[in-house]
Amino acid sequence: MLKPQCVSRCRAIQPRLRRGLTWLNCQPGPSIAYLQTYKPDDPAVASTPDLSAKQKKILDSALRVDQAGELAANYIYMGQMAVLGRDPLTGPLIQEMWDQEKKHLAVMNKLQVQHRARPTIVWDVARIAGFGLGAVTALMSREAAMACTEAVETVIGEHYDDQLREMEDLPTSHPSVPLLRNVVREFRDDELEHLDIAVENYAQRAPAHALLSTVVGAGCKIAIELCKRV
């Protein structure tokens, strides 16, 4: 049951922005276990399973990449807000997506600690590159900012799908593993919703859209492979 104030907020947003984000914010997913309903004595959120070396590598790599990716996403939106924050249409939209990425990062930070995964050593690079990408595309145009979101979320959606397949090798007997998979599914769906909203907000009208999408997408794929290793 949605809270009345949440329903009012959802109805108040502009028709073009109606799909997904505000509704996603109003309907908690599995990640709420790491936020409002966090219970430090719950093994699903407070312990990690016994894993083989291969399984541990899969889990460490996944959490390292996801934590770095959510960090970079936060800085992309920070860069876009620095340029477009006062735009009456784009500013609120970017803020909505940024707020969701803040939640994603908070959850990934807790998952990294819970499962004792080593964070990436290119943490500062992710912040600088993310902010730069967000600011530069926003300076190009609001459509270019949306094209950036479209390209990034396309790659991230595919990446989360790949991760879910890899996580099939993890033991489901420990309660943290099914929860982790559900959180990844939730975040994948959130990112794909960002993609859809970017397209609805004229991402494909950006100047040199195909080139911009190719460059940004390729950069994301390189970053993913780098963070898997370091």
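Cβ atoms here come from the backbone N, Cα and C positions, even for glycine.
Feature annotations, courtesy of TrEMBL:
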type	residues	note
BINDING	Glu70, Glu101, His104, Glu191	Fe cation 1 binding site
BINDING	Glu101, Glu153, Glu191, His194	Fe cation 2 binding site
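Positions of TrEMBL features highlighted on the structure.
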residue: Glu70; record: Fe cation 1 binding site; Cβ within 10 Å: 22
residue: Glu101; record: Fe cation 1 binding site; Cβ within 10 Å: 23
residue: His104; record: Fe cation 1 binding site; Cβ within 10 Å: 22
residue: Glu153; record: Fe cation 2 binding site; Cβ within 10 Å: 24
residue: Glu191; record: Fe cation 1 binding site; Cβ within 10 Å: 26
residue: His194; record: Fe cation 2 binding site; Cβ within 10 Å: 27
Pairwise Cα distance for Glu70 (Fe cation 1 binding site)/Glu153 (Fe cation 2 binding site) [Å, integer]:
11
In whole Å, how far is Glu153 (Fe cation 2 binding site) from Glu191 (Fe cation 1 binding site) when you measure between their Cα atoms?
6
Glu101 (Fe cation 1 binding site) and His194 (Fe cation 2 binding site), Cα-Cα, nearest whole angstrom:
10
Would you mind reading off the Cα separation of Glu101 (Fe cation 1 binding site) from Glu153 (Fe cation 2 binding site), to the nearest angstrom?
12
